[in-house]
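Taken from TrEMBL, the feature active site covers CYS74. Summarising the annotation, TrEMBL assigns active site, proton donor to CYS74. Per TrEMBL, the feature active site, proton acceptor maps to CYS199. If you look up TrEMBL, you'll see ASN13, ASN65, GLY75, ASN76, ASN172, GLU189, ARG190, GLY200, THR201 marked as substrate binding site.
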Amino acid sequence: MKLNFFKYQGAGNDFVLIDNRDNTVQNIDKEQVALLCDRRFGIGGDGLMLLEKEPGFDFKMVYYNADGNEGSMCGNGGRCIVAFAKHLGVITYTTKFLATDGVHHAKISDGGEWVSLQMIDVEEINKDGEAFVLNTGSPHYVKTAADLAVKDVYNEGRAIRNNTTYKQEGINVNFVEPEGDGFFVRTFERGVENETYACGTGVTAVALAMAKKNGQFGTINTPIRVLGGNINIRFDHDGERFSNIFLEGPAKLVFEGQIEI
Ligand SMILES: N[C@H](CCC[C@H](N)C(=O)O)C(=O)O
């Protein structure tokens, strides 16, 4: 099968995107997705997305993790597929699309490289020892850390992701340290099974967990630095519920090409 692909990155979280409005990609298997995402034998990416037609929506986002398993919601992927939809002429500056966790609204800047994506509302934040556990479309573990720049995120994150509590379903592990008027965050991602340069649902989880931890209510704006750039999260917190959550950051086309699989 010959595929035309587009490679995007959002704060260094990178993805292979395929326009599947004509349904040429059907029953893509785990090995094929993993090969496309492989940085040595394939194109390379933290995940792969198909942009598909969906009645009542501008498009549907189908997301796979780099290991080939169909993943849950991907925030940076969501921002990249919005930029891709604009590039294809499917949308102009605003959109309503469907993803695995439900309906998403998004807005894209004039230049088409800055995307604000609404995330699902969150009510439940649990504790695991000192850490926070919540689902922002994907499951996340959030733990504060000191000297994050030199932390062994790969080994510590992998150990948490594979402990008896999380081994079966997996979890994304985020370490956070205060920085300026926001935070610095590093994430070990399930499905990539490695540290990535950014994780959108992850930084969203961090922003909400830190607001809960610090007792912040009202409309909150949280700037977060990740290894691949800067992301902003704004949301409302009424003490019970987090709503109007927006994940904002860059989404850029890197290159496009054709590959035979
Ligand atoms: N990189 C993604 C998360 C992908 C989800 C995945 N790692 C999982 O939970 O299976 C993001 O920007 O939100």
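Even glycines carry a Cβ here, placed using N, Cα and C.
A map of TrEMBL features onto the structure.
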{"residue": "ASN13", "record": "substrate binding site", "contacts (Cβ under 8 Å, 6+ apart)": "ASP46, CYS74, ASN76, GLY77, THR196, TYR197, ALA198, CYS199, GLY200, GLY228"}
{"residue": "GLY75", "record": "substrate binding site", "contacts (Cβ under 8 Å, 6+ apart)": "LEU117, MET119, THR136, GLY137, CYS199, GLY200, THR201, GLY202, VAL203, THR204, LEU247"}
{"residue": "ASN172", "record": "substrate binding site", "contacts (Cβ under 8 Å, 6+ apart)": "SER138, PRO139, HIS140, TYR141, ARG161, THR187, PHE188, GLU189, ARG190, CYS199, THR201, GLY202, ALA205"}
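THR201 (substrate binding site) is surrounded by 30 other CB atoms, counting those within 10 A of its CB over all protein chains shown. Within 8 A of the CB centroid of the substrate site residues ASN13, ASN65, GLY75, ASN76, ASN172, GLU189, ARG190, GLY200, THR201, the other residues of that chain are ASP46, GLY47, GLY71, CYS74, GLY77, SER138, THR187, GLY191, VAL192, THR196, CYS199, GLY202. In the structure as shown, the Cβ atom of ARG190 (substrate binding site) sits within 10 Å of 26 other Cβ atoms.
DSSP assigns ASN172 (substrate binding site) to a strand segment in the three-state reduction. For the recorded site, THR201 (substrate binding site), the DSSP three-state label reads helix.
Residues ASN13, ASN65, GLY75, ASN76, ASN172, GLU189, ARG190, GLY200, THR201 are listed as the substrate binders, and the farthest two of them sit 15 Å apart at their Cα atoms.
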